[in-house]
């Protein structure tokens, strides 16, 4: 039997519908853009290169985020979560898995671009496949941890989708948060920062700027920054004092990464790979 949860204080039916609509539009747009990347890799022989395999990894991960957003949008239109507690755990796991895989794959692309433009070394298929597999296994490890008791998945403020439970702020949450942040945000961000800075310096010397080297890292920070700030705030203060509307904006914002990442990857000249 499906239980209809009451809307949290401060939300109206129109606002819930607006959140669902925003998630649906973002999911459709992201699915189209990433689907184009996948189809191009499949249909165009010249694009089936080791470097573009890493781009494919991001597109697959971002399509997974789109599926997660579709489910969240559908639940928002219903105004309740219809899949039960087990469905919540699966939804949280799937969303975290694809999001972390997208971030790790973006760092792998940055590493590859650095070697392509700065060291002129060619990426081999064996290396590209190993990096792709590692990115997904690494993401799977951190996504499974909340299912095993380190961290926890629970409903978001509207109770129409699920993510990491940040409301408790206990030692279990804090230790998981800091470990997750170091290995899945700080280290990938550092790799992207150093790689694209080196590429930028190389472009300055040659006078040929082949793509916007600052866009990938800025996209990561803009999309994930509000969510990370909310999670870190929850580690030191009672996050329930924050408006549910602001919390929902922070939680929904990272889902925009699913199409921004594809945008800056598609903007890179394919012939350079």
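Positions of Cβ are set from backbone N, Cα and C atoms, glycine also.
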Handout entry: Segment assigned the feature transmembrane segment in TrEMBL (from 173-196, 245-268)
Key = 173-196
Completion exercise
Which range of 197-216, 217-236 is transmembrane segment in TrEMBL? It is 217-236
